[in-house]
Amino acid sequence: MASRKTKKKEGGALRAQRASSNVFSNFEQTQIQEFKEAFTLMDQNRDGFIDKEDLKDTYASLGKTNVKDDELDAMLREASGPINFTMFLNLFGEKLTSTDTEETILNAFKMLDPDGKGSIHKEYIKRLLMSQADKMTATEVDQMLEFASIDAAGNLDYKALSYVLTHGEEKEE
């Protein structure tokens, strides 16, 4: 006899059941509660789903009334189906845990390396990361640099770091 988890449920296959249970294991209980509060705020008509009208109302409550329908449609298309709370968690889980491709990260580093040397001085990258956009703390930068190959002159091999960021730590032989 099949176990409770492998039985096909009425109205949905095992895969859907497993996907919904996995998404909850990706977050701490406090995070799930915060997402639930955000979902409830966005579900303006309280039907258990976020639709285009809910998004319009949410934007309006934030003072933005000129959101185009195609922008809203694009947001809704990011989901593989109707956006209930489980789908909402899945969407945020993907956004929070995804990493850019190695090529994307390399291209970002290349913009900081006009001479194409394949390296950037660690103090330069540290200054940038601590002063631009989502500013990192010195501790966060130092933690990131622990995974970087840095030569005696202080140059960071960004190709190797891009690999580590997308594939995990390099294995020593």
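Backbone N, Cα and C define each Cβ position, glycine as well.
Here is what TrEMBL says about this protein:
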- 1-20: region 'Disordered' (REGION)
- 30-65: domain 'EF-hand' (DOMAIN)
- 100-135: domain 'EF-hand' (DOMAIN)
Same-chain residues near the domain 'EF-hand' (100-135), Cβ under 8 Å, at least 6 residues beyond its ends: 141, 144-145, 148, 150-151, 153-159, 161-163, 165-167
Composition by DSSP (helix, strand, coil) of residues within the domain 'EF-hand' (100-135): 20 helix, 3 strand, 13 coil
For the domain 'EF-hand' (30-65), mean pLDDT (0 to 100): 92
Residue distribution over DSSP helix, strand and coil in the domain 'EF-hand' (30-65): 23 helix, 1 strand, 12 coil
